[in-house]
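Contents: one structure, followed by commentary.
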Amino acid sequence: MGISRVLSALWFVYNFLPVSQSDVFSNPKCYYPAECLALNDSNTMCLGVKVKYTHTSLSLANDSATLEDVKEKLRAWSGLQGAPKCWDVIQPLLCAVYMPRCENSQVEMYRRDLCLSTKEPCKIVPEANGGEWPSFLDCDYHIFLLMRRAL
């Protein structure tokens, strides 16, 4: 493991993980620092669902640099509506990744079990992506690995 990955891991553990295991179970939501962007009337929908908050962040999806990019990527993902069993589980995950709630410069991280629930019904995703899930939809994404190691 390279020094930059070790330093990144240590920075994450120091800044984002709860003080104790009991904190994890008493407050199941995880937050970490991020730049929050205001949503306006033209971008309050996520895959047909109106979001109930006023700010989001681009920090979880590594393929989007603007809210316009997010709209474009979500439009591409909407093709999975043709696979209803997959769509039922991946739609909430996609919204949690592409349009997470962000308040007070903290983004709400999606739960790992939400990510894991997509793997079986959405086998079409890695098949269409060269055999792999996009890195930001990988349930072993570095954030989850660090959280699991810390517990």
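Every residue, even glycine, has its Cβ placed from backbone N, Cα and C.
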Check: According to TrEMBL, which candidate among C102, C115 shares a disulfide with C139?
Finding: C115
Item checked: Site with most surrounding Cβ atoms, counting all protein chains shown within 10 Å, from the disulfide-bonded residues C115, C139 -> C115
Next item on the list: Run through the domain 'FZ' (31-140) and tell me, per DSSP, how many residues are helix, strand and coil.
Entry: 47 helix, 17 strand, 46 coil
Note to self: If I take every residue in the domain 'FZ' (31-140) and average their pLDDT values, what number comes out?
What the structure shows: 91
